[in-house]
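*Asks:* Sharing a structure, written as structure tokens. Questions coming.
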Amino acid sequence: MSIKSDRWIRHMAKQHGMIAPFEPGQIKQNTTGQRIVSYGTSSYGYDVRCSHEFKIFTNINSTIVDPKQFDNGSFIDVESDVCIIPPNSFALARTIEYFRIPRNVLVICLGKSTYARCGIIVNVTPLEPEWEGHVTLEFSNTTPLPARIYANEGVAQMLFLQADPDDVCETSYRDRNGKYQGQTGVTLPRT
């Protein structure tokens with residue numbers, strides 16, 4: 001597998017709809033000229049933005065977190081340009097971008113250093129071959145202080161790995177009828 005460059009990412013987004021909406025360059029300021037956490041195409045990746053939809057963990061119901069029997073009441077829904085994650089807590093969000101991953105590509109997501117240096121960690125499982133949807137983002141605030149996430153700004157970087165022509169997967173995410181195929185919005189655990 002080889003990592004793909006900005007040229008390849010632009011081509012796949014424009015010609016094959018791999019990322020929508022798509023920013024071909026790197027945006028570092030908003031429309032009023034204020035600095036923001038960057039998003040868009042980088043040398044060997046794509047920095048995604050967070051939408052304004054958030055789900056913040058709460059303990060008001062004192063339930064046990066169980067991925068097989070997940071209680072939707074464990075979250076508070078927030079729509080805002082900013083999400084405040086409580087100390088040592090967790091929030092879900094989604095990307096603005098919708099992805100359509102080719103059969104011969106695997107995408108790995110890494111957090112942005114701007115957030116990591118503040119103790120905010122983003123986790124996303126790999127985007128598998130032929131998966132499509134909005135990416136659900138998992139944010140952990142590892143600090144003893146409240147932490148802020150900004151909507152409509154960069155939050156994570158996607159790295160695109162392309163298989164050699166003789167090594168394309170036999171079974172894709174679509175072939176397996178993956179449970180998160182076509183997800184839109186912030187998607188909670190499914191079994």
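A Cβ is built for glycine as well, from the same backbone N, Cα and C atoms used for every other residue.
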*Asks:* Since Swiss-Prot lists LYS112, SER113, THR114, TYR115, ALA116, ARG117, THR136, LEU137, GLU138, TYR173, GLN183 for dCTP, which candidate among GLN69, GLN157 does it give for that site as well?
*Replies:* GLN157
*Asks:* Highest CB neighbour count within 10 A among the binding-site residues THR114, THR136?
*Replies:* THR136
*Asks:* Would you kindly give the Cα-Cα distance separating GLU138 (active site, proton donor/acceptor) and LYS112 (dCTP binding site), rounded to the nearest Å?
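*Replies:* One finds 13 Å between the Cα atoms of these residues.
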